[in-house]
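Peer 1: One structure follows; several queries about it will come next.
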């Protein structure tokens, strides 16, 4: 943990230096790629020692696949090798280290690299192996039209800004950043003359970085004061279960889940700040004319804490991983996209049983929440008081559903997970099953979109 924080703070300083002294106007793209790669490799070796060899082995294996595999299969081979290697490393943790966390846990960077490898492979397949009319608008925008060079490939996967804690970004966005087109492309989406500007403004990330560093400081304080004082293990303590009423146990479950969040807020917000400090992460201008630096943000804390649906919560938690799952699985799954996406998420996280309890439960609750929303929400939109009442009830239900779902993720093992679910009478599982049995299920948007895409392809072919 000390190595992690030290590396990220050093990366923050390096990022400021990188933006000022190795900006596209001062250095060529090759120099920027080389610097980002060499510093990333140094950080990996410093943090993980000889374990970092796993990162480099996976990167080079997939570089070989990217250059030798046929385009129709490049995404399949890359996905199989990357996920297979990651899973073998996860297995070594659970069977060799017996649920312990390595003092030099390299699985985090390996998970991020796996996301990037599979993202690039899918986008390369879209750009070279598929017709434009077969792609969604987003797939068309992100499609990669040619194989990257070795330096570009290494820089994308191993750059110092994201090698330790991510996040995963799209290859075209990263290359545009290195080449100095990243901000300019976003600014051209706005009519600046209409706003009274003679030329394009020059957005600075300093304000966004300072704001995010304040969030990391608050998160660190909360982690040091709350997280260790409210351990998740206490919710299955025998004395606690015997003396505490059911509703009080649910209330304490919410408290311990809240206490577990600050470490994620700290790590992800600091990683976002590092990228912003280097000048990466500009996402455009909002309706108020404010420059936004949230292209790589991994969470929206306000939307998480005020979420009124399970979907809204998931979409604002670990945002870049959710985007990766959507691009490599949900949008490409031939059937059961929701279930397959949750299964992939569990496999990507590791092979601890708790992960599978969490994500399989997540499938059930997601489907039930979708059924409730589709069948009930419109009845509460006729007046403001009804809408407020609906939001309050759905907020409470969402927060409790999330707590119920993620508890096994923290406890990891089978025995404490079963003990926990028994102590709360499997109530969310039972309620979700009843909802799915009693409420009609409407067709998923995913299925409708796939049907529309197929119809469009048939129309194009007939012409």
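Keep in mind that glycine also has a Cβ here, set from the backbone N, Cα and C atoms.
Automated prediction, rather than curation, is the source of TrEMBL annotations.
The structure displayed is predicted, hence computed values, not measured ones.
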Peer 1: Among 208-226, 227-245, 246-264, where does TrEMBL put the label transmembrane segment?
Peer 2: 208-226
Peer 1: Can you identify, from 39-65, 120-146, the stretch that TrEMBL calls transmembrane segment?
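Peer 2: So the range that TrEMBL calls transmembrane segment is 39-65.
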Peer 1: Using TrEMBL as the reference, determine which range in 298-315, 424-441 is annotated transmembrane segment.
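Peer 2: In TrEMBL, residues 424-441 carry the label transmembrane segment.
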Peer 1: State the residue range annotated as transmembrane segment by TrEMBL; the candidates are 2-26, 77-101.
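Peer 2: When 2-26, 77-101 are checked in TrEMBL, transmembrane segment belongs to 77-101.
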Peer 1: Taking the transmembrane segment (424-441) as the reference, which of 39-65, 333-349, 355-372, 392-412 gives the largest number of Cβ pairs under 8 angstroms?
Peer 2: 355-372
Peer 1: Where else in the chain does the transmembrane segment (333-349) make close Cβ contacts, counting only residues six or more beyond its ends and a cut-off under 8 Å?
Peer 2: 83, 86-87, 111, 114-115, 321, 325-326, 355-356, 358-360, 362-363, 366-367, 409, 444, 446
Peer 1: Please indicate, using numbers and ranges, the residues of the same chain that are 6 or more beyond the transmembrane segment (392-412) and have a C-beta under 8 Å from a C-beta there.
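Peer 2: Hits for the transmembrane segment (392-412): 99, 232-233, 235-236, 250, 253-254, 257, 260, 306-310, 312-313, 349, 352-355, 357-358, 361-362, 365, 369, 420, 424, 427-428.
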Peer 1: Where else in the chain does the transmembrane segment (355-372) make close Cβ contacts, counting only residues six or more beyond its ends and a cut-off under 8 Å?
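Peer 2: For the transmembrane segment (355-372), the far contacts come to 309-311, 314, 338-339, 342-343, 345-346, 349, 398, 401, 404-409, 412, 414, 417, 428-429, 431-433, 435-436, 439-442.
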